[in-house]
Amino acid sequence: MASVPCSFKLSAHRRSSSKLDGNNKQCSSLVERLRDKTKSQVPKSITCINRLEISRIAPLHATMNSPKGFGPPPKKTKKSKKPKPGNQSDEDDDDEDEDDDDEEDERERGVIPEIVTNRMISRMGFTVGLPLFIGLLFFPFFYYLKVGLKVDVPTWVPFIVSFVFFGTALAGVSYGIVSSSWDPLREGSLLGWNEAKKNWPVFWQSFWNSSDKR
C-alpha cells in the first residue's frame, strides 16, 4: 500500500517537469523569432541613416578638405604589402581598388566650392565688364568726332584705344579668379590685391602641373 502513493507522486512530478520543458521551448522559440525580426529590421534602418549622413557630409567634406580647389594634391603614403605566393590576382584587385579610391579623392579635391565660384563670377563681372563697356563706348565717341565735329582723328587711335581696353578686359578674367578669396569661410577685400598676391603662385603652379600631366 505504501508503494502506490510514491508512484503517483513520481508520475505527477514527471508531468509537471514535462510541462515546464514545453513552456521553456515555446519561450525560447518566441525569443529566437523576435531576434530574427530585429536583426532583419535594424540593419536596414542603420544603412538608410548612414546613407543619408554620407550624402549630407560628402560636399561639406570636399569643401573643408580642399577649400581652395587649386594646388597640387597632398601626397599619400601607401602601405607596403608583402608578396605571397599564389595570391597575385588578389593583389591586382587590391591595387585596382586603391587606384579607384585615389581617383575619387583627386576629384573631390578638384571641386571648387559654390561660394568661391560665386565670388569669382561677381569679381569677373566687374574686372571684365567695366573695361569692355568703356572700350565699346569709344567707337560712337570717335564716330561723333569725325562725322559730327569734323575732327580728323587718325585711324590708329581707335585701334590702340580698343586694344588697351579689350586687353584689360581679357586680363580681368585671370585677375577676377585670382583676386577672389578661395577660403569659403572668409570674405576677401574690395580690390582683392592681397588675395591676388597669395593666390597667383598657386594658380600658376596648378596650371603648370596640369600641363605637365598632359
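Every residue gets a Cβ built from N, Cα and C, even glycine.
Copied over from Swiss-Prot:
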REGION    1-26  region 'Disordered'
TRANSIT   1-35  transit peptide
TOPO_DOM  36-124  topological domain 'Stromal'
REGION    62-111  region 'Disordered'
COMPBIAS  75-84  compositional bias 'Basic residues'
TRANSMEM  125-145  transmembrane segment
TOPO_DOM  146-152  topological domain 'Lumenal, thylakoid'
TRANSMEM  153-173  transmembrane segment
TOPO_DOM  174-214  topological domain 'Stromal'
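Each residue in the topological domain 'Lumenal, thylakoid' (146-152) gets a DSSP state, and the totals come to 3 helix, 0 strand, 4 coil. Note: the topological domain 'Stromal' (174-214) comprises 26 helix, 0 strand, 15 coil (DSSP; helix = H, G, I, strand = E, B).
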